[in-house]
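One structure below.
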């Protein structure tokens, strides 16, 4: 999507649906009109349900209270790769459940197989484990909702191409406790029986939420076309699937960013909540659960590093020094061969004293063909521009701040994060360090520069090394802006940037290590959620501070591939494959194992392996990565967007 539309939902290139919106008769406003609209809607739904239940094999005691076809999920930024399906709300035994099942054979993209589509199946999620629902109504694009679990995990955004968001929310309110957030009219809190203020503030921190998907083996039945579905088949699931969703919600948020830096991504309130036992009611019994044999043979690796005659990655070289760098510049300061420079940095990195100058080029703050004079002028202009943006928030009075909820929230979150970012580094270790204050000021200024994206936890991790190297506040800011042009989608509310990268990673492992892929499939780990931290902040917490800077400058060269970080993920997994398979790791133990690798990864060896895997994968590897996947610049395609009217807005 265009950079100015960070939250805009991609629309469909061609639509055969009869209408963009359907007329919604429900209203969630808490007034007298609501009762009348509910009565009208209930009557309509009851008539519809009586017809459906009379002609289907619905589970006894289960009642379908809402059905909507053509609700889609976008696993990538390509509109053609949407996955359309049927969304249902089902009432059984006093509990409300949500399901979303993809259609079979409906995708227009050859890139997505039926197995790929089943990764996103949502089966019988009880609303007792839902914390909030956020509704998005972009100026361009289509309405969508994000369902967030109590722990902070979120399912992929559900796009309503035929309207129906209002009816969806109204139906939920009929059968569950649903209230609108006092601070954001687009956030609806579910089962909000705790302190209302605290729960409301938590619900607004959705960039922390990470998406949950099921693996192909999670599906109780294969996806079918709408015409051949029966409601009973759609609703069938076993209790193990509920346990899997609970596991994601419980374990991943507690371990995602570890305990090394205070609370990381997890608030204290969420930790308390995660301590409870998730006891999902059983919808249907099944004996399909598979157990791993005690003696697990580890399949041979088709790409054993030490056995190939192929040269597996060139040896690492000494870092680029000042004298060698000067040789790449002409008399006016232009870089004469940018590709040669990037190649040299790819294989050796940059000497610490030279990073301040070279990183400006790698990050795109300076162009390779700029002169000394042009760069000096740019620095002056950008410094003035930075001060102008910074003054926007510095000039906010206390009285204004009282009436500016979003500013107070972002400022408070930034203050909490910067004081626990890289405090083991002498540059940041003092409590009254001016560098911590500088981190805060830059992040606050960025939240005004890119107000749509704002601030999300994890951004301080990306900014810290840049400030350490650059020293200057203004130049650090603009280098960070350039980096976020590519990594910003990692922090979008709809999580499309992370979805596309984890999807691409799953396809790369399938291409480069089919035994490991098959094992992950058997263990319901094909969502690769255990790699989330690696991808989100570019391995920042997996290596020592100096090693992180070496890795980043290699990744920023985009030499060989823009997506070398995904091959780094594959390389790390391949080097641990025997242990992973041999010990029969399930999702819980795998996530713990991956997090404990921090500080125990050989960077030089992994970079050699990643390069080798990239070469080996070739064009097949690139075809696994959808265009626009971060850190590529977003795809600019005006045909992906359609104007949406406001008549479907709650």
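Heads up, residue numbers simply count up from 1 along the chain you see.
Backbone N, Cα and C define each Cβ position, glycine as well.
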Of the ranges 115-150, 151-186, 259-294, 295-330, the one TrEMBL annotates as region 'Disordered' is 259-294
In TrEMBL, of the candidate ranges 212-234, 235-257, 350-372, the one given as region 'Disordered' runs 212-234
Range annotated region 'Disordered' in TrEMBL (choices 37-60, 61-84) is 37-60
